[in-house]
Structures are given as structure tokens and as C-alpha cells.
Amino acid sequence: MDRLGSFSNDPSDKPPCRGCSSYLTEPYIKCAECGPPPFFLCLQCFTRGFEYKKHQSDHTYEIMTSDFPVLDPSWTAQEEMALLEAVMDCGFGNWQDVANQMCTKTKEECEKHYMKHFINNPLFASTLLNLKQAEAAKAADTAIPFHSADDPPRPAFDSLLSRDMAGYMPARADFIEEFDNYAEWDLRDIDFVEDDSDILHALKMAVVDIYHSRLKERQRRKKIIRDHGLVNLRKFRLMERRYPKEVQDLYETMRRFARIVGPVEHDKFIESHALEFELRREIKRLQEYRTAGITNFCSARTYDHLKKTREEERLKRTMLSEVLQYIQDSSACQQWLRRQADIDSGLSPSVLMASNSGRRSAPPLNLTGLPGTEKLNEKEKELCQVVRLVPGAYLEYKSALLNECHKQGGLRLAQARALIKIDVNKTRKIYDFLIREGYITKA
């Protein structure tokens with residue numbers, strides 16, 4: 001390897017002659033008894049019998065030349081090194097420039113020789129890299145979790161979503177209009193010249209320092225927006241709604257302090273209080289069971305069912321107070337009585353209102369050209385058309401419900417309605433669809 005390492009075409013890559021300090025050209029002499037470091041001499045110094053310190057002219061020597069084959073009888077070692085250097089300089093596959101740099105071989109010969117001896121050569125099949133790959137192949141394959149990542153939103157210019165995102169451009173990671181957008185105007189007339197007085201020079205430097213502080217404030221605001229995920233305001237609000245009302249109030253209060261702490265610390269603080277609220281509510285529920293003398297969850301389910309029944313009976317007993325407000329209007333009173341009769345017969349109020357309104361149902365939504373349509377399968381497209389929900393909003397609602405389901409180990413309809421504040425009928429259809437397709441599970 002030492003011998004091959006000295007076969008470079010560039011004379012400056014070789015060690016100089018110890019006698020005349022000139023660059024060595026092949027053939028040259030290497031002393032077999034001196035070294036390390038190796039002792040090299042050019043032919044002129046060798047023929048003069050040059051001696052230096054411990055080196056004597058009668059030492060055994062070795063003639064260094066690359067005029068011998070290594071891998072192919074028609075290729076010398078010097079040509080092998082020249083080929084590797086040319087591939088390194090010109091790039092793999094650029095065989096015409098490789099041949100031009102070598103000057104002794106055609107591009108076909110260079111490509112054939114390189115592919116045969118350096119790519120497909122079985123001699124290099126037992127390299128350290130291949131051995132590591134073989135050892136890794138013996139190990140059992142482990143599943144790598146894959147989470148699909150949504151592309152950053154790219155709303156059309158001057159659209160509602162673009163205005164909600166403050167003109168943020170995801171491809172450039174920047175805003176169309178910067179914070180303090182006209183800060184550079186204060187510098188447009190400043191010019192440092194040698195004739196400035198000390199006071200004028202200090203004044204100009206103060207203006208530049210103020211400009212730097214404004215730039216720092218601009219970058220600080222950008223960092224807060226990116227770190228806390230405030231670019232997509234709709235998604236941010238959707239994530240906020242997954243908390244109970246009490247935690248949402250705390251979230252709103254603590255939002256102004258988010259810039260002081262990091263995003264992870266802020267989220268941990270909110271999550272810890274959300275967990276505290278859930279624990280307090282669960283403790284209160286268990287205390288209610290204990291007050292009622294219940295000691296197991298089987299009896300607790302019966303207690304909840306009976307409690308719900310009592311609440312429904314209490315509402316029915318108060319219906320008389322409701323009908324009194326319609327007593328002066330006979331048509332309104334008749335309509336109320338029919339509605340109560342239908343409710344008693346098992347019809348839901350939503351079905352009743354739809355049948356009594358007499359209005360035609362809205363036509364299916366046309367999804368052509370709407371952003372996010374290509375990310376939906378056929379069943380999801382049909383759902384969005386029937387529910388009249390744009391694909392972008394559906395994908396956000398779906399992502400929020402999936403995250404909450406994975407976090408809680410299941411999802412109830414009441415939780416879904418608290419999470420996405422839209423029409424309850426649409427929420428029910430989305431919830432039933434995700435349950436039916438296996439995206440989420442019931443709690």
C-alpha cells in the first residue's frame with residue numbers, strides 16, 4: 001500500500017528528494033535500510049552516491065516505479081491511479097472527461113475497466129462495509145414506526161387561510177410582510193464618510209444599533225411563532241378545543257406567558273393541568289359513588305343508568321312549563337305537541353325538524369379543485385360531499401380525533417363534539433364514519 005500510495009500523477013503529491021529537494025519523477029530510489037520516514041532519492045543524487053547522516057551509498061535500495069500491471073495486464077499501476085483520480089475529479093459516469101484527463105485510454109476502456117475491477121470485482125466483496133452489512137442482515141428485522149406527515153399548507157395568495165396564516169410562505173419559511181416591515185427605511189439615507197464629525201458618526205451608529213435591535217425583535221417573534229406552531233391558526237385552535245372548558249380558560253390565560261418558556265415546557269404545563277382536572281373530576285365521580293354506597297364499578301354503571309333515567313323523567317315533568325309559553329299561539333302549541341308526540345314515539349328531534357321544515361336538502365358538495373381532495377379516498381370523498389365539508393377541514397378534524405383517540409385509548413361521541421365545534425349532526429357522521437372504517441375505536 002505504501003508503494004501504491006506514491007504512484008500519483010501529480011509530482012507535488014510525492015515526497016521530495018532528500019539530496020536536491022526536487023520533486024521525484026519515476027523511476028526513483030527508496031533506501032531499504034533507512035526510515036521511517038522513508039528515504040527517497042532521485043536518480044541523479046543516487047548515481048552521485050549521495051550520503052546523509054545514517055544513510056550510506058552502499059545501503060540496499062528499491063527502485064520505485066509504477067510501470068507494472070496490478071489488476072489488468074494492459075493497465076499499469078500509474079494508469080490505475082490516474083483512473084481513480086480522474087473519476088474523483090470528473091465524477092462517476094462522465095467517462096469522456098475521464099478519458100480526456102487520462103490521455104492514454106478511451107472512454108469505453110475507462111468505463112469497462114472501472115466497472116469490471118472496482119464495481120463488480122468479487123475481490124472487494126469482503127470489505128469492512130459489506131461485512132457490517134452482513135452482520136446487520138443476520139439480526140432480526142424490527143418494525144420502524146412510520147407516521148405520515150402532512151405537507152405544510154400552501155394557501156392561495158390573498159385567500160382567507162393565507163390571511164389567517166399572516167402571509168406565511170412554507171416553501172421559503174418566511175412571511176410576505178415582515179414584522180416591523182419598514183425598519184430598513186431609516187437606513188436608506190445613512191452613508192458613512194470620512195468627513196463626518198464624531199457626533200454625527202455616533203448618531204449614525206446609534207441608528208444602526210436601533211435597526212439591529214429591531215431585526216432581533218423580528219427574529220424573536222418568528223422563532224416564537226415557529227416553535228409554538230402558531231402559523232396554522234385553524235389547526236392551533238382545533239388542538240386547543242380538545243381540552244375541557246376549564247383548561248381552555250387556563251390555556252387562554254397562560255398563552256401570554258408562552259414566549260417566556262419554551263414550547264415543550266408550556267405544553268407540559270398545560271397537559272399537567274389537564275391531567276389534574278381529569279383526576280379531580282374522576283375523584284369527584286368516585287366520591288359520588290361512595291356517598292351513594294356503591295363499592296364496585298358494576299353497580300356504578302347501574303347507578304349512572306338510573307341517574308340518567310331520573311334526569312329524563314324530570315325533564316318530562318317540566319314540559320308543562322314549556323307549553324305554557326305557547327298557550328296563546330294555537331299553531332305553535334299544536335306544533336310543539338306534535339314534536340313531543342314524535343319524541344315519545346322514538347323519533348329524534350333532528351329527524352323531526354327535517355321532516356317538518358319542508359326544505360329540500362342541500363345538493364352534494366362539488367370537491368373539484370378544492371385543496372386536499374387528492375389526499376382522500378373514495379369513501380372519504382363521498383362523506384365530504386354528503387356532509388358538505390371541505391377536504392382541508394375534514395383532514396384537520398380527522399387528525400385531531402385520531403390523536404385524541406390514541407392518547408385516550410378510545411373516543412366517545414361527546415369528546416368528539418367537544419373537540420370539533422361544528423354542527424353536531426356533521427360531527428356524528430364523521431365520528432360514525434371513522435368508527436366504521438376502523439380509524440378510531442369507541443371508549
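Positions of Cβ are set from backbone N, Cα and C atoms, glycine also.
What Swiss-Prot records for Ser6 is phosphoserine. What Swiss-Prot records for 12-69 is zinc finger, and it gives sequence analysis as the kind of evidence. Taken from Swiss-Prot, the feature Zn(2+) 1 binding site applies to Cys17, Cys20, Cys42, Cys45, supported by sequence analysis. Here Swiss-Prot flags Cys31, Cys34, His55, His59 as Zn(2+) 2 binding site. Per Swiss-Prot, domain 'SANT' is recorded for 70-122, and the stated evidence type is sequence analysis. According to Swiss-Prot, the feature SUMO2 cross-link maps to Lys132, Lys138. Under the heading domain 'SWIRM', Swiss-Prot lists 356-443, citing sequence analysis as support. The DNA-binding region annotation in Swiss-Prot covers 426-435.
If you count neighbouring Cβ atoms within 10 Å for each of the binding-site residues Cys20, Cys34, the highest count belongs to Cys34.
Excluding Cys17, Cys20, Cys42, Cys45 themselves, the residues of that chain whose CB lies within 8 A of the CB mean position for the Zn(2+) 1 site are, in sequence, Pro16, Arg18, Gly19, Ser21, Ser22, Leu24, Leu41, Leu43, Gln44, Phe46, Phe50. Of the chain residues outside the Zn(2+) 2 site list Cys31, Cys34, His55, His59, Ala32, Glu33, Gly35, Phe39, Lys54, Gln56, Tyr61 have their Cβ within 8 Å of the site's Cβ mean position. DSSP assigns Cys45 (Zn(2+) 1 binding site) to a helical segment in the three-state reduction. Taking Cβ-Cβ distances under 8 Å and a sequence gap of 6 or more within the same chain, the neighbours of Cys45 (Zn(2+) 1 binding site) are Cys17, Arg18, Gly19, Cys20. Cβ neighbour count for Cys42 (Zn(2+) 1 binding site) (all protein chains, 10 Å cutoff from its Cβ): 21. A sphere of 10 angstroms centred on the C-beta of Cys31 (Zn(2+) 2 binding site) encloses 20 other C-beta atoms. On the 0 to 100 pLDDT scale, the domain 'SWIRM' (356-443) averages 82 in the predicted structure.
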